[in-house]
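Peer 1: Input: one structure, supplied below.
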Amino acid sequence: MQSIKYKRVMLKISGEALAGTNGYGIDFEVANRIAKEIKEIVDLGIEVGAVVGGGNIWRGRNGKGMDRTTADYMGMLATCINALALQDSLENMDVDTRVQTAIEMKQVAEPFIRRRAMRHLEKGRVVIFAGGTGNPYFSTDTTAALRAAEIEADVILLAKKVDGVYDKDPHKYDDAIKFDNLTYMEVLEKNLQVMDSTATSLCMDNNIPIIVFGLDVSGNIRKAVLGEKIGTIVSK
């Protein structure tokens, strides 16, 4: 059996990834594929926390003329919808899963309580953190960094639509250069689109490495936790 490099991981999945090729809403084939990949690493004994974005349902910046705070709260609720969808896919595969929300909705999910989240992880349950940080003006990238620090995750697995970090958008520019390794400071100084600056700074302050990889290739999550060379690694 291959050695496991990371025992406890924080998986960040963008809302757009859940939408698949539709670009909007939830593609349950994609949700089931992601759930299958999560199950693979849970079966290895890895403890998994997850944060799902909400961009497939609502983006705060789309609310033109809308109060920013209201738009952000709508985005937080969108992440809850995605979290419940992913929970359903995981539980259909017999993976014990809990959703914890930063905004209380007790009939739907548990409130975020750090000690309870840690206990779930220790028992082998997947914990999906929804509702952002519970505060407007903070992205789900920042949520992932914050929760990763709180649960003492070994790494953040940043699953995206591209297979790593580039100096410019590889979908638009054929000459885009991919980075294999970056430091936190390089990401901040070059303004590379890994995570937003708040999230990157939080990871830097708590020395949490970030692995950026493409979600469209099956088996990438497993490869990442086993320490195989994949995507881009951001660290000290």
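The backbone N, Cα and C atoms fix where each Cβ goes, glycine too.
It should be emphasised that the depicted structure is a prediction, and the values quoted were computed from it without experimental measurement.
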Peer 1: Swiss-Prot has Asp72, Thr133, Gly134, Asn135, Pro136, Tyr137, Phe138, Ser139, Thr140 binding UMP. Which one of Gly49, Gly54, Gly124 is in the same site?
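Peer 2: UMP site check in Swiss-Prot: besides Asp72, Thr133, Gly134, Asn135, Pro136, Tyr137, Phe138, Ser139, Thr140, the record includes Gly54 out of Gly49, Gly54, Gly124.
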Peer 1: Of the residue ranges 20-25, 170-175, which one carries the region 'Involved in allosteric activation by GTP' annotation in Swiss-Prot?
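Peer 2: Spelled out, Swiss-Prot records region 'Involved in allosteric activation by GTP' over residues 20-25, not the other listed ranges.
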Peer 1: For UMP, what surrounds Gly54, Asp72, Thr133, Gly134, Asn135, Pro136, Tyr137, Phe138, Ser139, Thr140 with a Cβ no more than 8 Å from their Cβ centroid?
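Peer 2: Counting only non-site residues, the set is Gly75, Met76, Gly132, Thr142, Thr143.
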Peer 1: What's the CA to CA span in angstrom from Tyr166 (ATP binding site) over to Ser139 (UMP binding site)?
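Peer 2: Distance (Cα to Cα, whole Å): 21 Å.
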Peer 1: Across the record's ATP-binding residues Lys12, Ile13, Ser14, Gly15, Gly55, Arg59, Tyr166, Asp169, the largest CA-CA distance in angstrom?
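Peer 2: With Lys12, Ile13, Ser14, Gly15, Gly55, Arg59, Tyr166, Asp169 as the binding residues for ATP, the largest Cα distance is 24 Å.
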